[in-house]
Amino acid sequence: MQYIVVTGGVISGLGKGTITSSIGHILKDSGIKVSAVKIDPYINYDAGTMNPYQHGEVFVLDDGGEVDLDLGNYERFMNINLSRDNNITTGKVYLEVIQKERHGDYLGKTVQIIPHITDEIKRRIREVARTSGADVVLIEVGGTVGDIESMPFLEALRQLKREEQNVVFAHVTLVPEIGPTMEQKTKPTQHSVKALREIGIQPDIIFARSKQKLTEETKSRISLFTDVPVEGIISVSDVENVYLLPQMMVNEGLITRLSKLLNMNIEYRDSWTSYAENIRHPRDRVKVAIVGKYVDLHDAYISHKEAFSHVTGNTGIAVDIMWIDSEKVKNDQSVLSEADAILIPGGFGYRGVEGKIAATRYAMENGVPFLGICLGFQVAVIAVARYVLGLDGANSTEFDEKTKYPVVDILPEQRGVKDMGGTMRLGSKKVVIKKGTLAHRIYGADVIYERHRHRYEVNPDYIDMIEKAGFKFSATDEEGIRMEILERPGDESFIATQYHSEFKSRPLDPSKVHLHLVEQALIFKHRRMGENHEGYATAASSQGQ
């Protein structure tokens, strides 16, 4: 068992998560079993109640864990499934230690940061290593070196290396380029490594973020002041797509350095060759409008972005995302006029819902390919009730408790639930698909397992009415009680799901409903242009299998 710890310095947002994921991908593609841990120094127990504007998307795992979006990157890059235990927060650590103290586990001792907090951190890391059976566990430490919140975690990791000797430290820093000559400045990296060394950690690898590739002179200067060999200075310059990063790091000599540090024979097979080629040189493009309320922060919908990137890598059809604020759509649907497809993602709260309903109506009435996810599924049901069934004012009780037509209502088991954190219908659930439906053709299966995150469902009292109006609920939960997929028979371009298919999308196995949406968008685009490309998307689909 070996550990690779990835820390960050100078500023946040340098891409530690993507670099950690890329290291994991390289090792996984070399036949090495990997797992990953994200350390988040915030006091929240998990990411479940966080505002997407502050923290980005809340990623949902198979076991129902609501975690940092970096775990989504780990799963996608390494093609592994993680659990809530792979996300360690200050809140989890302190709560466990306090509960042990209340239980009397410390036998009256004074409970302190060292050793009790640090011991709990190490215990959690070792438990992930044990249960995963991984050869290498990657550990990303959130924040930057010097942050007061991360100090106990860095101390625990220093102790981990002292106790086990099988820990590699990698540090991500910024090398800014200043002035008319764009001179690469190493001083921020020098000071960042100095801060790390002051707490007893000497990095073995430095990932230097910059706009342009580091010069050999810059690498030598960083090496001189940090005691990291030149071959351990890895230049990480900007790339057009994050899935091109692993090959860049390989070209920089990362495998040679890791092989020496881990004492492993690393033979990278690069399973993404054709995938990367499709990303670099797409053969066609479509515009997909994502209509949401957090569109100013694209990371709030990062799994949708990545799912579309996966479609591009498998089909060569690039997706240009139009980020549309749902509040603007309510009174002006013209903002959707250039879209080849519309996606309504998940969300909570009343703000922007009427705009999402308007966007759904626009798609239905203009034949624009449509995909609704979670709240988007519920919004589709509301739109059908209002504009097809004529139930004026139909709504979800989430937004209007006194609506005359509550076509979407709270789950029975959610009634009376007071706590917000970790109490929704969460995680992987069995979905049973009806034969002879669009959903069955898309998935090619009778049963699938998808991840959920919701408190509300289609009101059973309105199911027959909606189906008699020309729509069909083509999938349900295992008991046949909860509706999971809505489609319109005879219309290949309209589908909505209660589950979050984006959370299970992988580079070589893209979300099937996102893939279908892009196929339909391509047909719509060329039909609108007056061209006959009926067979084009089918060919693209076969390439994506």
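Residue positions begin at 1 at the first shown residue.
A Cβ is built for glycine as well, from the same backbone N, Cα and C atoms used for every other residue.
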**OP:** Write down the one residue from Arg123, Arg124, Arg126, Arg221 that Swiss-Prot lists together with Ser12, Asp147, Ile148, Glu149, Lys185, Thr186, Lys187, Pro188, Thr189, Gln190 as binding CTP.
**Re:** Arg221
Subject >> Site-mate of Tyr53, Gly347, Leu375, Gly376, Phe377, Gln378, Arg455 for L-glutamine in Swiss-Prot, selected among Glu66, Glu327, Glu398 >> reply: Glu398
Original post:
Swiss-Prot records Gly13, Leu14, Gly15, Lys16, Gly17, Thr18 as ATP-binding residues. Which of Asp70, Asp85, Asp105 is assigned to the same site?
Top reply: Asp70
Subject >> Gly347 (L-glutamine binding site), number of other Cβ atoms within 10 Å >> reply: 21
Original post:
Looking at the recorded positions Ile148, Cys374, which one has the fewest other Cβ atoms within 10 Å of its own Cβ?
Top reply: Ile148
**OP:** From the binding-site residues Lys185, Thr189, Gln190, Gly347, Gly376, pick the residue whose C-alpha lies nearest to the C-alpha of Gly13 (ATP binding site).
**Re:** Thr189
**OP:** Work through the binding-site residues one by one (Lys187, Pro188, Arg221) and name whichever has its CA nearest to the CA of Phe377 (L-glutamine binding site).
**Re:** Pro188
**OP:** Would you list, in sequence order, the recorded positions among Gly15, Gln190, His500 whose CA lies within 10 Å of the CA of Cys374 (active site, nucleophile)?
**Re:** His500
Original post:
Compared by Cα position, which of the recorded positions Gly15, Asp70, Gly376, Glu502 is the closest one to Lys187 (CTP binding site)?
Top reply: Gly15
**OP:** Find, for the listed binding-site residues Ser12, Thr18, Thr186, Thr189, Gln378, the residue with the lowest Cβ contact count at a 10 Å cut-off, counting only other Cβ atoms.
**Re:** Ser12
Original post:
Nearest to Gly15 (ATP binding site) in three-dimensional space, by Cα, is which of the recorded positions Tyr53, Glu140, Arg455, His500?
Top reply: Glu140
